[in-house]
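Over in Swiss-Prot, the protein carries these features:
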- GLU256, ASP300: Mg(2+) 1 binding site (BINDING)
- ASP300, ASP302: Mg(2+) 2 binding site (BINDING)
- 250-332: domain 'Toprim' (DOMAIN)
- 38-62: zinc finger (ZN_FING)
Amino acid sequence: MRVTQEFYELLRNRINISDVVRQKLALTRKSSNYVGLCPFHQEKTPSFTVSDSKRFFYCFGCKASGDVIKFTSNISGLSYNESAIKLANDYGIEIPKLTVKQKEFYEESDNILNILELANKFFRTQLTPEILNYLNQRNITETTIKEFSIGFSPRNNKFAKFFLDKKIDITTLGQAGLIGKRKNGEIYNLFSNRITIPIRNIYNKIVGFGARVLGNGLPKYLNSYETIVFQKNDTLYGEHKAISSSYKKNRSILVEGYFDVIALHQAGFSEVVASLGTSVTENHLHKLWRACDEIILCLDGDNAGIKASIRTINLALPLVNSEKKISFIRLPSGLDPDDVVNKNGADFFAKLIDKRISLSEMIWYIEYSGKNFKTAEEKANLEKNLKDYCNKISDSNLKASYYRFFKDQIWQNLVIKQKKIITQNFNSSLIASSHCYSELEMLEHAFCALLIKFPIMLAEKDIRDFILNLNFNNKSLEEFRNWYLNEIIDNKVEESEITAIVEKTSFFDIFLLLSKADNLFLDISFNKNNIRLDLLWQWLYKKYYLINLQQEYAISINGNHDFEKVLLYKKEILKIVNELQVLNESFINQTIT
């Protein structure tokens, strides 16, 4: 009795793999998984791991791995299909009968799979010394050639004759994606004069081929045409080998090319797959996330690789969360993974994995690295782009973390590290010449920015008195505060007239810096339209109080031995830090809901 692929997936989703495994061996809970003594080899220390969330088992000892159906097959000696039927009967799951169309589909699928196996056997027999020498120059060993079934499709008519002798016609070869048709109607061997690499699905069945031209012809790589058994948006090269390793290491490495997978696998990185030269799809990501929690993208270090990274980032952002992650390996410019591992060795590539950067760090690298942000327009565009990325994230907690991360990066890289903050169009003087700001000076700027951006807050006498009585470290800002309160706020100058008045004073540069639409000194959130002023004031006030507390604490621990006083300072500091954290969460949650 034949069942559909959809029914296999139904069984994986409906039946907890741990329930099935527990019938054959004792399992002990370990974190989110279960462990026990492997039923497939003798061992004294449990190395057999089962994960209900990933619907997978893996033995660290004998390397046995698979889903609930594969476990049943291995235990019982039944085929995969027979094991699925057994599980369905055991758990009372109805097995749907195949429709006439489904039967025809599976008959055609089986026929295509058989033809592809025959084609691979033919290609394997056509390896010549020239081809083997080429592969050897690429550091591909004889063992690897056999393991990946690398072959060759000659230019002559041997390919067509091979299938004609087996009574397989041109139409059937076309259904298998093995031949092409020219504009003039001529039929030709799709992979003529190319090295062939079989593409296998997760069940180790050949579903298509990739092929590389000998020499410098174009296109360099070809894939089989899509068929009923082969869709590029759902298939990953190397997935049949990588899934168990991905489960073991809790990561998958996603590259672009066949030879990237082969070279990395040969170097010991068996958790590697490739996207068949096409853009990464949502199906690809979900397939890998079922086996692991982290997908590491390792794309070429050129402009095309960066563009591919951006496409994948935009695809992944709505899907990622605190558990399912994307990270990136940044390769040396102009090199692909195959080049890197062959020129620098496995240890070098392992270090690149260790130095991988997170998705948020990759976004910052793409948007910030190698660019100038001298003008307000450039900075505003950067903030807009970062905000657009954040808004694509579905997970609210992760979105909040991204907002915080980018805010911090903007502050660290566009304020503290910049020697000039105001654009070159203005004759910056007092502020722009400073090399960096202390935390206290940052707050002094923020208090002055309040006067400009939220003058309504000064209706609160306590707030006005606090700002008015502050002793600024930056005396230029203090003078600006006094002048602005007296000349603008107290005189109730209309907003439309303020710029013209300030322009005639020595405070114009300061005013320009503080009055920008997205002022960094008040950039607790990216969106100021619905800002809660009470939260903003509490945050600024408590931050100012904390900095002064920390300064007094530093003096107390260095200047005397009043331990009771020191402990009081420490307790108060921790209290304010916690209160600020709560305010941070409130602020960000407000902006993203």
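Just so it is clear, glycine is given a Cβ too, placed from its N, Cα and C backbone atoms.
Structure with Swiss-Prot features highlighted.
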residue : record                : CB count, 10 Å
GLU256  : Mg(2+) 1 binding site : 25
ASP300  : Mg(2+) 1 binding site : 22
ASP302  : Mg(2+) 2 binding site : 14
For the zinc finger (38-62), the number of residues DSSP places in helix, strand and coil: 0 helix, 8 strand, 17 coil
DSSP-assigned states of the domain 'Toprim' (250-332) in counts, ordered helix, strand, coil: 31 helix, 16 strand, 36 coil
Distance [Cα-Cα, Å, rounded] between GLU256 (Mg(2+) 1 binding site) and ASP302 (Mg(2+) 2 binding site): 13
